[in-house]
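I have placed the structure first, in the form of structure tokens, so that the comments after it can refer back to it.
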Amino acid sequence: MTFPNINPIIFYLGPLAISWYSLSYVVGILLSWFYANKIIEKFKPQINKKTLEDFITYAVIGIIVGGRLGFVLLYNPSRYFLHPIDILKTYEGGMSFHGGALGVIIAAYLFCRKYKVNFLSLTDIIAAVVPIGLFLGRIANFINGELYGRITNASFGMIFPNSDLMPRHPSQLYEAFFEGLVLFCILAYATFKNKTLKNCGLNSGLFLTFYALFRIAIEIFREPDIQIGFILDNLTMGQILSVPMLILGSYLICQSNPK
């Protein structure tokens, strides 16, 4: 299959380039905020709309700083050690989900400590909305022709312009489907049908567990980052970083279920 050659830049505002990648973050945050408000309206959990509004700034800082530093420290430290100014070039891409997740967790902890909010009540709502951003982010990765999959002989193999011109798995679309759409549906069903917000920590546990399972599985089809390659013979950095998420998620599910 031929890669649909979509310009990563949507338009320019003077010298400022508006990219699909940047837009995915902005739209993802806005849609997540809107959806979180709907959840609060329906279930009236410990978190109210004013608290959520106050947390948005913390969340944005956590996503951007955590995501960028996670990528810098985990995936390409040598480049940024030699060229530290490049750390600020977020418009070039290079964000780590695991780093962004940790950034949001730290931001949530600091916010809850300052405003005396229950930490897991907040993360349960965050967990329900994060797949929206994941879906849009992976679509943006696909448009950029980055984070593509391994070489395949399958008929749906795609030739990416920034690769070696061999047909590869469109793993960004796999991740958009499972980590975005499927995970969103799982958490929406749990939240609205099973009323999981009543069990503090359950939504957080479900998100961590299913995200980790999907990520570990899809990494089998995704090309390892060239600057890292495989770790321990055949594991990728994404798989290794997902293991603690799986353990913590399983623990939260067990702890949150009523006896």
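Along the chain as shown, the residues are counted starting at 1.
Note: Cβ is positioned from N, Cα and C throughout, glycine not excepted.
Here is what Swiss-Prot says about this protein:
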type: TRANSMEM; residues: 9-29; note: transmembrane segment
type: TRANSMEM; residues: 55-75; note: transmembrane segment
type: TRANSMEM; residues: 92-112; note: transmembrane segment
type: TRANSMEM; residues: 117-137; note: transmembrane segment
type: TRANSMEM; residues: 172-192; note: transmembrane segment
type: TRANSMEM; residues: 201-221; note: transmembrane segment
type: TRANSMEM; residues: 228-248; note: transmembrane segment
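Through the fold, the transmembrane segment (201-221) approaches residues 120, 123-128, 130-131, 134, 149-150, 152, 169, 171, 174-175, 178-179, 182-183, 186-187, 190-191, 236, 238-239, 242-243, 245-246, 248-257 of its own chain, all at least 6 residues removed from its boundaries and within a Cβ separation under 8 Å.
Sequence-remote contacts of a segment are chain residues at least 6 beyond its ends whose Cβ falls under 8 Å from one of its Cβ atoms, and for the transmembrane segment (117-137) they are 21, 24-25, 27-29, 31-33, 35-36, 39-40, 45-47, 51-52, 55, 59, 95, 97, 104-105, 108-109, 111, 175-176, 179-181, 183-184, 187-188, 191, 196-197, 200-204, 206-208, 211, 252. Tertiary neighbourhood of the transmembrane segment (55-75): same-chain residues 25, 29, 33, 87, 90, 94-108, 110-111, 122, 126, 225, 227-228, 237, 241, selected by CB-CB distance under 8 Å and a gap of 6+ residues from either end.
Within the chain, the transmembrane segment (228-248) has long-range Cβ neighbours (under 8 A, six or more residues past its boundaries) at 74-75, 98, 101, 205, 208-209, 211-213, 215-216, 219, 222.
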